[in-house]
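Worksheet: one structure, shown below.
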């Protein structure tokens, strides 16, 4: 990707009289403003790093300590117990420092030291308080004395926290006892195995626990002492970066627009507002001005995943990929009709307003020039296998114009695809949401840059979506950005009556050309085969939502998970190992843990529901359901507080591989397929607008591809009181799965469970 125009600060030519310099004042001015902007950014980061480092104290508290110490000394009261005098005696005597100056310096030094000691004490106390998780296991409506005492933590949050204020105060993820992990594992597989297979697995587990595990556990505890998080670095490397299969469908996930509303039908205008909103988020992120996420509004969660949200690209390698993250990027990579463009996001050190971005994007949309050879399908390399992409990158992109072109994409803030299709929810068009989901998950296999941290997709009718790479962060992080973008786009920036961005444009973009490359078709064939095999069913369930579920005194997530178990049993006639993603961000650098949702209690309820109608009472069904829901909630709490199963066993397996130790038990555990992989998309993390006042502005959520070839991937978002949107994926090549059939089973399972509580569901809202 070459640039059409470059501003040159100065030129010189050789003449008979010597060198002739020609300065461009405009270019020098922009260079100066860019330098000022860069230094301002550094100063803001330095200031916020200091403020986060001393939280919950503040610079004003240091002044209070200094004034209090000076006032005490003035009143002939020594609060230092002689330390000020000892500091003063260590200072140099003579003309350099007068007695009064030495007194002032010693007072300042003591006050600063006392203040820093108090900061360290408070931060240590804060870490101890944040290590308490008993509040999560309290019965609803009851609070123990320990939890009441723990609530005093709120008194320490006198100052409004910045994004990273709590980072160093968060506790480390604990390493669970092997005995507890093995016991929970055996409990989780009991409903999936017959008696003979369970006895075999129990024997393997016993041998592992008694002979192999103690040594592995010692090494794992040692790792937990010298690393911030004993799981996250290995999880990122071995689960994501070392994977050699395509990122598209297998790893990347997507996010959708508002379900019922499109703020503007003009593609360039919607692209401009969304890009500007995302850049406003990036500016707040750089300054640390985004408040940290809080569980239940009071318990801080780890924010480290947000660090690589922008200016980040996954670089392919033959054995393992790497993540390229830049401190800043001032341009955007844009794709439209097979052409790539480099769009500058700043002018004179200032962020481009939406009206200017709209003009730039409109110029791109109107550009009639055809793609250069190899340019149109270039991104197919990122959609295929990783090894061929790494080899092609080394061969064709290591130097010359192709390297410059690739750098412009990989070093962009993020990637924007101006799509030629129209998508979105249209009740009169069956299958429209399925097509929308497939477009975001894989597109045409060459119009999304799957290696970028995320690709923003803007469709011809103004609908938007995103495709996100998974290694750098989990879905709730992208969801946080996505909520901010949607709310800012609609409720803060807004549009004119004609649907254009507000304001008048001042600058124009000259669309740049792009070079072509070869060695693309092989990756494209792999990607297309993978994309064409994806079977999607995306639907809004509006018969009822969390409002009715909560009136049944049940967790909405537990309700849906049990409904998925019932739907899967009806779909396949059997149970399977089920994965539900839970977060461990209550710990420093925490990511996810697995909740094994197919429990003995859930299977007992499902078998009860499978009995012929009239043979089982509603009272028995509701009691079994309550037991299954309570069990699921307990497992979810254990996962969130570091007492899960799978991350511990995963790390023990890696230690065994490093040590060259064979463990049949661990090998068998990690070989088990997840034929039902599920995840809940968080909603209203920011609360930038009231959904009760704007019920049409619910998000459609997002989804992912199937994890197992013969299994289902299910994502759901509980949006508002009367809406749950499901995203179901599977593969056409599997004769055992059918996403449409499974979607119908989910609907019926939701209705059947609600019917147990004799509360007829309300009429559909939409």
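In case you wondered, yes, glycine gets a Cβ from its N, Cα and C as well.
Because TrEMBL annotations are produced automatically, they should be read as predictions rather than curated entries.
Database features (TrEMBL):
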- 470: active site, proton acceptor (ACT_SITE)
- 1-47: domain 'Carnitine O-palmitoyltransferase N-terminal' (DOMAIN)
- 173-748: domain 'Choline/carnitine acyltransferase' (DOMAIN)
- 103-122: transmembrane segment (TRANSMEM)
Residues from the same chain, set at least six apart from the ends of the transmembrane segment (103-122), whose C-beta lies under 8 A from its own: 54, 56-57, 61-62, 65-66, 68-70, 73, 80, 83-85, 87-88, 91, 97, 156
Confidence summary for the domain 'Choline/carnitine acyltransferase' (173-748), mean pLDDT rounded: 92
Number of Cβ atoms other than its own within 10 Å, given for residue 470 (active site, proton acceptor): 20
